[in-house]
Amino acid sequence: MDYRVKDLSLAEQGRKQIEWAELHMPALMEIRKRFNAEKPLDGIRIGAVLHVTKETAVLVETLKAGGAEIALAGSNPLSTQDDVAAGLAKNGIHVYAWRGETEKDYYDNIREILKYEPHVIMDDGGDLHAYVHENNLTSKIVGGTEETTTGVIRLKAMEEEKVLKYPVIAVNNAFTKYLFDNRIGTGQSTIDGILRATNILIAGKVAVVIGYGWVGRGIASRFKGMGARVIVVESSPFRALEALMDGFDVMTMNRASEIGDIFVTATGNLNVVSRDHILRMKDGAVLANSGHFNVEIDVKGLKEISVETREVRQNLEEYKLRNGKRIYLLADGRLVNLVAAEGHPSEVMDLSFCNQALSVEHLIKNKGKLENKVYNVPIEIDEQVARLKLKALGIEIEELTIEQKEYIKQWKYGT
């Protein structure tokens, strides 16, 4: 079978979802028009491990319009939207994804998409890139892209160890990605996931945001806007100082764990909410992850110090600790915005996925010309994406005069 989804009968509903996303992704739809006419990806096979959402569907069908054959697997066992997966399968995309995959299912699906011998790898988190390298499956790969901070860190480590076998474009590093997707998109979708899972009031709560990168900045600002008192936990002195001057309290996790009501991780690192932190927490504390993998909260440790567990609501589990306190874990410690909600709004994914589509085209156009390194999105592409979005929104920006352009190039004239 050239696809494996939970229920193909959901395809009609999935198509409605995809069409709704298309309406809110005008920049990517503009690229699709060009791709459909020019077929820049004709004959190219793409293997993708991405969150299977309605927005991803718009990207995948844009690549298909450009002539590519795509095999898609989910990048998180709990983030796949089953109706969207069915809609894509019905439209000829090789989809191997469903919500609720086991770890075995997850890697089986990666193996399935690699049977198509892709020329381009698209990844969200770096698992696919790592898998093809560990299993010596890189010979036909022209290049790849990476969507996330976590994945870029892994790929940079591969580059430094000189084991990276093909060029990769770090879509995550584009201005039109991290300024909007990481900050604004994650900020809104994280709050959305927390509210869907808990239906609690944010105003008046003490919200602890662990990590103050672009994702943490976005989450902290949204909590603040909804009336929470926000505490930031950071290990970087620069980001800690920035958080302080943005108006947030800054302290260690040991201190924050004793006073927080809601804890959200956004670091991409291991056990930033540890067993010891959990034991310090208030009765009723809520834990959520918006980083990447389900390692930021020590879920194993939480289970070991619990005497009783029960599901209170969908995506909300109660753990009763030996000390009598109750701790509430959202989405099993996985990405709360994609498991308990639907991920980022289409409008911000429009920007990220324009970068993905144009980066794939760039890799194909420059086949054999790029080194086996991690590259940023070319600035011309980044700027093109911003201009496409502004045009779609009906926004005109100022153009410098010839005199102004000349002035900022010179060095002779000062005060």
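Yeah, the Cβs are placed from backbone N, Cα and C, and that goes for glycine too.
Per Swiss-Prot, the features are:
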BINDING   Thr53, Asp124, Glu147, Lys177, Asp181  substrate binding site
BINDING   148-150, Asn182, 211-216, Glu234, Asn269, 290-292, Asn337  NAD(+) binding site
Report, as a single number, how many Cβ atoms besides its own are within 10 Å of the Cβ of Val215 (NAD(+) binding site). 29
Do you know offhand how many angstrom separate Thr53 (substrate binding site) and Gly211 (NAD(+) binding site) by C-alpha? 26
Number of other Cβ atoms within 10 Å of the Cβ of Lys177 (substrate binding site) across all protein chains: 28
Drop a 10 Å sphere on every Cβ of the binding-site residues Thr150, Ser290 and tell me which sphere holds the fewest other Cβ atoms. Thr150
Give me the CA-CA distance between Glu234 (NAD(+) binding site) and Lys177 (substrate binding site), in Å, as a whole number. 23
Using a 10 Å cut-off on CB atoms, tell me which of the binding-site residues Gly211, Gly213 is the least crowded. Gly213
Can you tell which of the binding-site residues Gly213, Ser290, His292 lies nearest to Asp124 (substrate binding site) in space, using Cα positions? His292
For His292 (NAD(+) binding site), nearby residues of its own chain (Cβ under 8 Å, 6 or more apart in sequence): Gly125, Thr148, Thr149, Thr150, Gly268, Leu335
Can you give the largest Cα to Cα distance in Å, as a whole number, for the residues Thr53, Asp124, Glu147, Lys177, Asp181 that bind substrate in the record? 17
Provide, as an integer number of angstrom, the distance between the C-alpha atoms of Val215 (NAD(+) binding site) and Asp181 (substrate binding site). 9
For Asp181 (substrate binding site) and Gly213 (NAD(+) binding site), the CA-to-CA distance in whole Å is 12
